[in-house]
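Taken from TrEMBL as is:
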COMPBIAS  33-46  compositional bias 'Basic residues'
COMPBIAS  78-95  compositional bias 'Polar residues'
DOMAIN    119-235  domain 'C2'
DOMAIN    270-387  domain 'C2'
DOMAIN    421-544  domain 'C2'
REGION    28-106  region 'Disordered'
TRANSMEM  629-656  transmembrane segment
TRANSMEM  734-753  transmembrane segment
Amino acid sequence: MPEARPRSAAPPEHSHISVYQKAHTFFAQLKTRLGHSKRERRHKSPGRQESSDYAADLSSEHSTPSTASPRHRACNRTVDSPLSRTCGDTTSSPGGSPKPRAPTPGVLAGLDLLPLTSSDEISRRREHALRQHSFFQLRIYLRRGHGLVAMDKNGLSDPYVKFKVGGRLIYKSRTIYRDLNPVWDESFTVPIEDPFLPISIKVFDYDWGLQDDFMGSATLDLSTLDIGRNNDLTLALQDPSRPEICLGEIYITATLYPKTQEDKEQYFQKNSRIQDVNKRLKSQIWSSVVTIVLIEGKNLLACDPETGTSDPYVKFRLGNEKYKSRIIWRSLNPRWLEQLDLHLYDDGDQQLEITVWDKDRTRDDYIGRCVINLMEMERERTYNLWQELEDGAGSLHLLLTISGTTASETISDLTTYEQNYREKENLLNRYVWHRTFHNLKDVGHLTVKVFKANGLAAADIGGKSDPFCVLELGNARLQTQTEYKTLTPQWNKIFTFNVKDINNVLEIIVFDEDRDHKVEFLGKVAIPLLRIRNGEKRWYALKDKKLRSRAKGNSPQILLELSIIWNPIRACIRTLNPKEEKFMQTEMKFKRQVFVRNVLRLKVFLMHFLEIGKFFQDCFEWESTVQSFAALVVWLILCYYFQPWMLPVGGLLIFLKQYVICQLSGTPQVPWDELADSDIDEEDEDDKEKEEKKSLKERLLAIQEVTQGVQNAIGKIASLLESIKNMFNFAVPYLSWIAISLLLIATCVLYLIPIKYLLMLWATNKFLRRIFRPHVVPNNEVLDLLSRIPDDEMLTYIKLLGVSLSTHLGRLSVIRWYLQLDYKDLKLLSSPDSADRRPHPKKKHKAS
């Protein structure tokens, strides 16, 4: 008989229901005790699973791994994907059935219910959701890089990253030195108005003193990011010119936050308020700029008793602004050549305090001080001052200018300027020819009207600049006020300069003022005073720092009007005197392009001399009978009838020849500024990146090719000069006595025979030598003698060889060394010039 079933036992098909009921009761009691509804929802048992696929997508994360759908398991990965937002969390309803959780802020509505196969529909709805927001904030966390390419010779790189949007740099990371797996750990936040504009990410290798090397780039598409969530991305670096090379990866985390229209307006209002405050602070607080050039000091107090010198430096203080110069070590007559700008306030202190200190290990020693009252100084004028130090000894040499005035009632404002004809007549009378010797140092008077500029480059992040204009004539330096947040500034200023040298060049430079009163170059124009056309109001093109091509921007130019009145006789006298030293000059550092250009400039003149030498050589070799005979006759006539006054006449003939050529050719003289405009514009960013891609080895090889000829030429000149010195030092007595004999014979010949007959005999011998001795080798007896005299390097080798041969052990060492040398090495030692004739392979030493 079948075994009787217990009455208390539940039917098999309902046995699991009682278990769930007990669990439900247990968790209800736990909820009552703890009072944490969120934890209770996470642990409450789920209800019956729906059969639909959409119900499976909406099932909660509390399902066990055995019952969870594959799609649900795929959505629980830690790596974010474009479809990760479709797996939203769910919670159970009080009745046990699953219900969808409230959508997370930033998740796109409607994408949670889409099937996996509708990628086009997802992209369409994602674009639609992005267009619903007019403003975003993007936060990028630059974590690290992995497997970057080595760009340096040590097998490492010094990488840094640039982020650009639409060609505009928005962030630049710090440089990690000597690492192919750098860890930056940096983050930044930028506003985004167009999320469909990709972000360009470029990695460069920092090179000291050279152009940085390009290491790869990647593109970040903001439209693929999950809005409001952290997107961990791995970007592979690529280079279009090297598609087959793996350039490594960088790891970033990008988060795109949507903002409302109110947030956008509030953000830009806040920025505009900050900009207005900065503009007000910059334009209204200070009224003038005090430009100081610290040149040198004389006879300062000695504060170091051990050395009898000092280590001086200078401190400047004007109101709340301070400046400290660099330290000149161990000098009582230091030379700084530093320029600084301090700002003058209308209601502030007008006393410029200057103190000089001696740098010491423990406490700096006081040397002296001086005070300059700026109220007594005229504006828009450069003062050359020697200030004696109080409470000490010595003096300071300064150039001081107060310019850049913002007040409209100043004398330099064009809006209120009215030309005084009586003043113009006084200027004309001052430089009239019959008053030439009244004041020889006063050469002329220059008037410059600076109206406006346009097409300037945007130096600030907001697409604007804060331009001001600086005018330099010799050591005189004046500047306009700063016009804020504009690319078309209008200065409307007039400046005057006392001309000390008519050959000077007026330099007008446009700068952008940044925070802490730092400047950024925007353009430059250089106008020689002799090229000025009086009263002509015209646009001048702004160039780069080298004045070779246009400056950055939309064809930047500046509107000027120049007038100069000068005395030609005073200018001529000043031209024949030493040129005034310009104290502030940019230090020229070594650059490959500059070096190559200078070598090519010198090569042009060398080629002319070589052509002249080849012409004389052809005359001596009778390549053309008529040419050689005519050259011989002309030489004999010149030598016989030569007088010293013929030398300047020869120079006049050269001028006459060039003048006739210019008149006959009829080529119009191109204005100096228009000629510069014809040059190509400055290379764009792509060309610079191509230059950055060049390896360090290629650049060094390019330098080596250019410097090889210079190196050999310098070596030959040095050897020749050392041979002349060793000839007089009796380094080789036999050759020295030969030179003495030749000098005695030359003295007697020059004493007895006039030099013009000697020149005629020398030329006749040179011209007729090829006729009477056809197979003779052309030579120069003096150079042939000097080639036999050793230079210092050869003398050093001979001395070492002589010391070695003086002892028995030394002789054995020298013999063994000679046995180990190759034949080519011995030939090289015997004739050092053979290395210059042809390249030799690597020396291979044989075993003894």
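Cβ from N, Cα, C; glycine included.
For the transmembrane segment (629-656), the list of distant contacts is 616, 619, 756-757, 759-760, 763-764, 767: same-chain residues at least six beyond its ends, Cβ to Cβ under 8 Å. Note on the domain 'C2' (270-387): mean pLDDT across this stretch is 82. Residues of the domain 'C2' (119-235) grouped by DSSP class, helix first, strand second and coil last, total 16 helix, 55 strand, 46 coil. Using DSSP to sort the residues of the domain 'C2' (421-544) gives these counts of helix, strand and coil: 22 helix, 60 strand, 42 coil.
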